[in-house]
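Here is the structure we will look at.
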Amino acid sequence: MFFKKKMQHDYDLDMHNIPGHIAFIMDGNGRWAKKRKMPRTYGHHEGTKTIRTLALEANRLGVKAMTVYAFSTENFKREASEVEYIFKLPKEFFNLYLKELMENNVQIRYIGHLEMAPIETQNIIKEAIQRTSVNSGLILTFAFIYGGRDEIVEATKVICEKYKNGEISLDDMTEDYFEQHLMTKDLPPVDLMVRSSGECRLSNFLPWQLAYAEFIFDETLWPDFDEEHLHRAIAIYQGRERRFGGVLK
Ligand code: IPE
Ligand code: IPE
Ligand code: MG
């Protein structure tokens, strides 16, 4: 489903049907910058503001978890200078917003291969996780150096090792058991996936977890995505009929 920006609309949200977990593919930073004849990195810089805006609003609405795709395992194919710039953004983001996120009771987490990031980036993210671990509001998870296929392969390896050591039998291998080995094991199920910038693909984001999520593809470029776009996405979600393979009475 496609939507053009920009609207001035009050969406009448059903507060009893707010998605518990929203996953965002934050796409379109480069095109946003290009339109302004600016370097791609400027788009990434502006895109971080959207994370803050949406996290605060999602928290206010009572969303339990929000996961943002910040860097994919495939994004290493980009120019080294762009990759280096993106790896510096967590420092900027948390310097600017950690205090406010703390005040709003937001918890920070990450999924992905943090160990592949520069040590300073690792430390900044770990500190934010540790400092916010006492909070009980929105769980804001950064998928950072994350790849969905990689996550599944890694989980499979751990389980194979357990099988080889005789810790489990084949009958123990259920969907629930497998899920407990994914990086998202402590997060609620994803109800809604929103991708900005009009691209209609997953790009290796949460392939297992999105099996029964609702998808919304919005044409808005990520730095332009704001509270109103979030409200619209939730309103569309609330208009969907989730059947999970069953038949509604
Ligand atoms: C998303 O914006 C951010 C990352 C992938 C890190 P892009 O950088 O993909 O922006 P476009 O798609 O080139 O416009
Ligand atoms: C997906 O966006 C990755 C992130 C948003 C971090 P990409 O811009 O990398 O995806 P493709 O290359 O268009 O599929
Ligand atoms: Mg892109």
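Every residue, even glycine, has its Cβ placed from backbone N, Cα and C.
Note that this is a predicted model, so its numbers are computed, not measured.
Annotated in TrEMBL:
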type	residues	note
ACT_SITE	Asp27	active site
ACT_SITE	Asn75	active site, proton acceptor
BINDING	Asp27, Glu214	Mg(2+) binding site
BINDING	28-32, Arg40, His44, 72-74, Phe76, Arg78, Arg195, 201-203	substrate binding site
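A separation of roughly 26 Å, to the nearest angstrom, links the Cα atoms of Gly30 (substrate binding site) and Glu214 (Mg(2+) binding site). Among the binding-site residues Thr73, Phe76, Arg195, Leu202, Glu214, no residue has its Cβ under 6 Å from any atom of ligand 1. The recorded positions shown are Asp27, Asn75, Glu214; of these, the one with its CA atom nearest the CA of Arg195 (substrate binding site) is Asp27. Here Trp32 (substrate binding site) comes close to Gly43, Glu46, Gly47, Leu221, Trp222, Pro223, Asp224: these same-chain residues lie at least six apart in sequence, with C-beta atoms under 8 angstroms from its C-beta. Within 10 Å of its Cβ, the residue among the binding-site residues His44, Thr73, Phe76, Glu214 with the fewest other Cβ atoms is Phe76. Around the Cβ of Gly28 (substrate binding site), a 10 Å sphere holds 25 further Cβ atoms from the protein chains shown. When the Cα of the residue listed as 'active site' is compared against those of the binding-site residues Phe76, Leu202, Glu214, the shortest separation belongs to Leu202. When the recorded positions Asp27, Thr73, Phe76 are checked against ligand 3, Asp27 have a Cβ within less than 6 Å of one of its atoms. Under DSSP, Glu214 (Mg(2+) binding site) is assigned to a strand (E or B) in the three-state scheme. Rounded to a whole number, the C-alpha distance linking Glu214 (Mg(2+) binding site) with His44 (substrate binding site) is 26 angstrom.
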